[in-house]
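I have placed the structure first, in the form of structure tokens, so that the comments after it can refer back to it.
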Amino acid sequence: MLKVIDHPLIKQKLSVIRSQKAGHDVFRKNVIEIASLMTYEVFRNYKLKEIKIDTPVAQDVLAYDYDKEIVIVAILRAGLAMVPGIVNLLPKARVGHIGIFRDEKTFEPNNYFYKIPDVPKDSEILIVDPMLATGNSAVYAIERLKKDGFKNIRLLSLVGVQEGVDNIEKNVGKDFPIFLGSLDEKLNDKKYIVPGLGDAGDRIFGTK
């Protein structure tokens, strides 16, 4: 279930990081800001529980708090850059990590690290990765989390292509929630998104 978050601030900031002139400092800053902006829409339907609090002038006032644990799962390494923008709005959220690298010949995912907080299986899980290209890494992450018993899982990426969306819908289900800032045109022969962002990990961390 694809949702492209159409917002002028997201469009403008995506334009900044699409430019090859953007250095790693500018790129990283805008990735954080875009992730923060997109968080509003991702958690639009998140259910809160009612609590009672005392204000400076009243007692037993109706208020709201988290109903379920929230876990942000960053796909390493590029997904790390999105975490600060999200936890800035969700400070109680826990953070997990899945290390995946793509084989440059087969384009298949290889897992080298997996660490998820010990939380109830009905927790809200948000996988974050700036790019949804082939979708193979996302499918691996989703299936690994489902194997561990998690059910409430969604994916947040800055940009993606239909091929990646189709891969998830085919292997996970058409109702799986996917949130993108932009649905780009296609993948090139090296499986890079076009027009895309280039190698998001290298651009975030200033490496090549």
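All residue numbers here begin at 1 and follow the chain in the order shown.
Using the three backbone atoms N, Cα and C, a Cβ is placed for every residue, glycine included.
Per Swiss-Prot, 5-phospho-alpha-D-ribose 1-diphosphate is bound by ARG77, ARG102, ASP129, PRO130, MET131, LEU132, ALA133, THR134, GLY135, ASN136, SER137; the candidate from ASP189, ASP199 named for the same site is ASP199. Annotated pair GLY135 (5-phospho-alpha-D-ribose 1-diphosphate binding site) and GLY198 (uracil binding site), C-alpha to C-alpha distance, rounded: 16 Å.
Taking Cβ-Cβ distances under 8 Å and a sequence separation of 6 or more, the neighbours of ILE193 (uracil binding site) in its chain are MET131, ALA133, VAL159, GLY160, VAL161, ASP184, LYS186, LEU187.
In this structure, SER137 (5-phospho-alpha-D-ribose 1-diphosphate binding site) is part of a helix by DSSP.
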